[in-house]
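*Asks:* Structure in structure tokens, see below.
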Amino acid sequence: MVAPATVRGIDQAPTSHPKLLAWVREIAELTTPDRVVWADGSEEEWRRITDELVEAGTLVRLNPEKKRNSFYARTDPTDVARVEERTFICSVDEADAGPTNNWMAPAEMKRTMTELYRGCMRGRTMYVIPFCMGPVEAKNPMFGIEITDSPYVVASMRIMTRMGTKILEAMGDDADFVHALHSIGAPLAPGQQDVSWPCNETKYISHFPETREIWSYGSGYGGNSLLGKKCYSLRIASVMGRDEGWLAEHMLILKITSPEGRAYHIAGAFPSACGKTNLAMLEPTIPGWKVETVGDDIAWMRFGPDGRLYAVNPEYGLFGVAPGTDWKTNANAMRTLDRGNSIFTNVALTDDGDIWWEGMGEPPTHLIDWKGNDWTPQSEHLSSHANSRFCTPITQCPILAEDYYDPNGVPIDAILFGGRRRDTVPLVTEARDWVHGVYLGATLSSETTAAASGAVGVVRRDPMAMLPFIGYNAGDYFRHWIEMGKGTDGDESKLPSVYYVNWFRKDAEGSFLWPGFGENSRVLKWIVERLEGRAEAVETPIGMVPAEDALDVEGLDMTSEDIRIALKVDVNEWQAELPLVTEWFEKFGDKLPGVLWAELDALRARLDAEPQ
């Protein structure tokens with residue numbers, strides 16, 4: 001055991017916050033690092049840490065003529081993604097974790113992990129990262145402190161969060177903060193040679209909702225180690241939102257302005273592989289319309305003094321899936337990356353010191369793949385891991401809305417829920433009211449691929465696209481959504497309208513009916529015109545869909561039959577959906593709000609009343 005007084009840097013804290021100082025000393029005593037460094041967020045610190053990571057072989061400096069001030073990382077092949085089976089919600093009461101989360105009693109988990117943490121930072125530096133999710137100028141800034149032994153995490157957190165000395169100053173001596181503890185779990189004996197990506201076979205990502213703590217061990221991958229992201233901003237924040245009357249959601253936020261200059265804000269929840277980042281950075285194909293980005297992944301929504309729901313993006317960077325991001329699908333993301341200051345992980349490296357991944361056009365004749373091996377277009381495997389990532393400052397996005405910086409957030413006019421369904425779900429459906437919208441979100445689904453499941457087209461529920469991220473019982477989460485619909489003054493007209501979209505419907509030959517990408521602006525146009533009371537809709541058993549000719553398809557290479565099928569509500573397909581929803585709802589027992597059962601019964605009755 002190393003007494004904390006002997007750990008270099010332990011007594012050089014740039015703060016007098018007593019609870020923070022006590023916690024740092026406690027963790028230093030437990031983990032026994034060689035030294036403690038308080039991350040200040042400066043350019044000099046970025047240079048020092050990236051230089052050290054390059055020297056250690058963890059990072060490769062990219063060609064500055066291609067990607068200025070940018071780096072490439074290659075992880076251990078076993079440490080490439082979030083590990084949901086090792087992710088726990090350690091609520092005091094097991095029932096509060098619910099059927100969608102892994103649970104362990106908090107005392108048992110802390111005993112287990114305390115032994116893993118004991119001496120786990122030996123031979124390494126312990127970094128203390130003060131950070132804030134969302135603007136520091138907010139009425140109630142959302143502070144966090146991450147303790148980590150990974151310099152890769154320090155560099156990435158500088159991109160993804162507002163962090164450093166300015167956060168410590170804003171915290172003063174008494175601000176509350178989320179305690180976020182992370183270790184890669186790879187202590188070094190004296191003289192032991194380090195590896196380029198240290199990690200541990202044993203992994204835990206544990207959340208303690210009542211005490212607002214996160215303990216992560218064994219993984220250096222971003223989703224498991226950048227604890228401000230999913231761990232704080234969704235799992236812990238969703239519990240805070242439940243307790244305090246707001247929502248923490250897995251949603252993009254965009255601003256759309258019509259040719260007449262009227263601006264609206266839309267939030268959208270989409271499961272993975274459904275184009276959330278692409279929609280957030282949309283380039284409209286219809287003349288006169290403009291889209292700006294507020295956020296691509298997380299939205300915190302609170303009621304404003306006017307009774308409307310306002311959203312902020314708590315993140316400072318983009319942590320996007322690389323494959324499939326290209327000039328055709330998301331030119332604004334590519335422009336953001338071209339401005340440099342980024343970290344790329346598990347993509348491929350070109351011979352001239354740039355990065356490449358599948359989807360970026362013709363592959364070069366030679367690459368070094370994500371495992372460090374030679375790769376050519378004749379290779380039988382992909383050059384980049386399917387979950388390879390870019391980490392880049394959102395402030396470099398060329399269409400970032402000025403509203404992004406507003407600590408009060410932006411007023412949300414519409415909420416989208418979207419999944420990947422080859423049939424059944426129309427291109428766009430408008431909910432009848434807020435509770436019907438919650439039903440649509442609670443039953444949100446996507447189809448798995450053959451690679452993921454061994455069977456194409458298996459429908460999996462992903463409520464509000466939050467399945468891996470709800471920090472408490474999902475039945476209570478649905479109830480919280482319903483309660484939020486009562487607003488602050490009972491005026492439902494101030495609530496966002498809710499829509500369910502599906503860009504992925506296919507025809508009988510298996511081809512996508514809708515072109516997607518920039519053409520999705522046509523669906524957003526119809527939604528805006530619905531908000532303004534100008535677009536026609538048709539009543540169906542599942543909600544309102546665009547009337548014939550209400551959707552602007554001018555210039556699209558689509559037949560009227562294609563459009564009809566894309567918007568079709570097939571009674572037989574929807575009746576086949578009912579037992580799947582029933583099975584899903586039964587998971588939650590008496591925690592499921594009765595109004596959602598009532599919505600299902602009403603849908604069944606409307607379908608039964610339709611002519612076959």
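Heads up, residue numbers simply count up from 1 along the chain you see.
Each Cβ is built from the backbone N, Cα and C atoms, and glycine gets one as well.
From Swiss-Prot, for reference:
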| type | residues | note |
| --- | --- | --- |
| ACT_SITE | CYS274 | active site |
| BINDING | ARG82, TYR221, GLY222, GLY223, SER272, ASN387, SER388, ARG389 | substrate binding site |
| BINDING | LYS230, HIS250, ASP297 | Mn(2+) binding site |
| BINDING | ALA273, CYS274, GLY275, LYS276, THR277, ASN278, ARG389, ARG420, PHE517, GLY518, GLU519, ASN520 | GTP binding site |
*Asks:* Would you mind reading off the Cα separation of GLY222 (substrate binding site) from GLU519 (GTP binding site), to the nearest angstrom?
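*Replies:* Distance (Cα to Cα, whole Å): 32 Å.
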*Asks:* Whole-number Å distance between the CA of ARG389 (substrate binding site) and the CA of THR277 (GTP binding site)?
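*Replies:* Pair distance, Cα basis, whole Å: 13 Å.
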*Asks:* Which one of these binding-site residues, ASP297, GLU519, has the sparsest Cβ neighbourhood, judged by other Cβ atoms within 10 angstroms?
*Replies:* GLU519
*Asks:* For ARG389 (substrate binding site), which of the three DSSP-derived states applies: helix, strand, or coil?
*Replies:* strand
*Asks:* Return the residues near the residue listed as 'active site', defined as same-chain residues 6+ apart in sequence whose C-beta is under 8 angstroms from its C-beta, sorted by sequence, else 'none'.
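*Replies:* Spatial neighbours, sequence-distant, of the residue listed as 'active site': GLY418, GLY419, ARG420, SER446, ALA465, TRP503, PHE504.
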*Asks:* Inside 8 A of the center formed by the CB atoms of ARG82, TYR221, GLY222, GLY223, SER272, ASN387, SER388, ARG389, which other residues of the chain have their CB, for the recorded substrate site?
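*Replies:* In sequence order, the nearby non-listed residues are VAL80, ALA81, PHE319, VAL321, THR345.
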*Asks:* Using a 10 Å cut-off between Cα atoms, which of these binding-site residues sit near LYS230 (Mn(2+) binding site): GLY223, ALA273, GLY275, THR277?
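*Replies:* If one measures from the Cα of LYS230 (Mn(2+) binding site), the binding-site residues that come within 10 Å are GLY223.
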*Asks:* Indicate whether GLU519 (GTP binding site) is helix, strand or coil by DSSP.
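*Replies:* For GLU519 (GTP binding site) - judged by DSSP and reduced to three states - the answer is helix.
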*Asks:* Out of SER272, THR277, ASN387, SER388, which has the highest number of nearby Cβ atoms, where nearby means within 10 Å of its Cβ, if these are the binding-site residues?
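*Replies:* Compared across SER272, THR277, ASN387, SER388, the most Cβ atoms within 10 Å surround SER388.
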